[in-house]
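What follows is a short report on a single structure.
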Amino acid sequence: MPQTDPTTPPAGRVTDSALDPSVAARLRRDDTGLVAAIVQQHDTRDVLMLGWMDDEALHRTLTSGRVTFWSRSRQEYWRKGDTSGHVQHVRSVALDCDGDALLVTVEQVGAACHTGTRTCFEAGGPLPVSTSGTVDPSVGAVAPATPGAQP
Ligand SMILES: [Zn+2]
């Protein structure tokens, strides 16, 4: 995809990020210029939260040691912990197979979720899952191709 978005980037968005061009070239951004960033505690492997990054947020995450997101609700860069103290120290960053998601492992200080729970998924809580095994047979035929893709 070319560097220009069909939509005008929001005010405050850095459009000339210093992100390594070889990394930028591998990103498959959505039509608002963002990729999903899954944040995981490096040692326990707890999945803490999901945020969104544009090129500049990823650049800051890769170079500052602190996880930085683009806030879709506030339309601004958001360095995790600046207001809450619940800092995320970057341990590693990986890009997924098709470039539309990042996996950021961190040392999480305190709660990852703004509600005060350790992870956002504790705050949201489990949804009912049927284990009766009634799956469309046509879907079952392709299921082995994606082991463990979705809980
Ligand atoms: Zn949360």
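Cβ coordinates come from backbone N, Cα and C, glycine included.
Automatic, uncurated: that is what TrEMBL annotation is.
Annotation source TrEMBL lists domain 'Phosphoribosyl-AMP cyclohydrolase' at 49-122. The average pLDDT computed for the domain 'Phosphoribosyl-AMP cyclohydrolase' (49-122) is 97.
For ASP96 (Mg(2+) binding site), the same-chain residues lying six or more positions away in sequence with a CB closer than 8 A to its CB are LEU102, LEU103. Here TrEMBL flags ASP96, ASP98, ASP100 as Mg(2+) binding site.
The 10 Å shell around the Cβ of CYS113 (Zn(2+) binding site) contains 18 further Cβ atoms across the protein chains shown. Annotation source TrEMBL lists Zn(2+) binding site at CYS97, CYS113, CYS120.
What TrEMBL records for 131-151 is region 'Disordered'.
Sequence-distant contacts of ASP98 (Mg(2+) binding site), defined as residues of its own chain at least six apart whose C-beta falls under 8 angstroms from its C-beta, comprise ARG28. Less than 6 Å separates the Cβ from ligand 1 in the case of CYS113, CYS120, drawn from the binding-site residues ASP96, CYS97, ASP98, ASP100, CYS113, CYS120 in sequence order.
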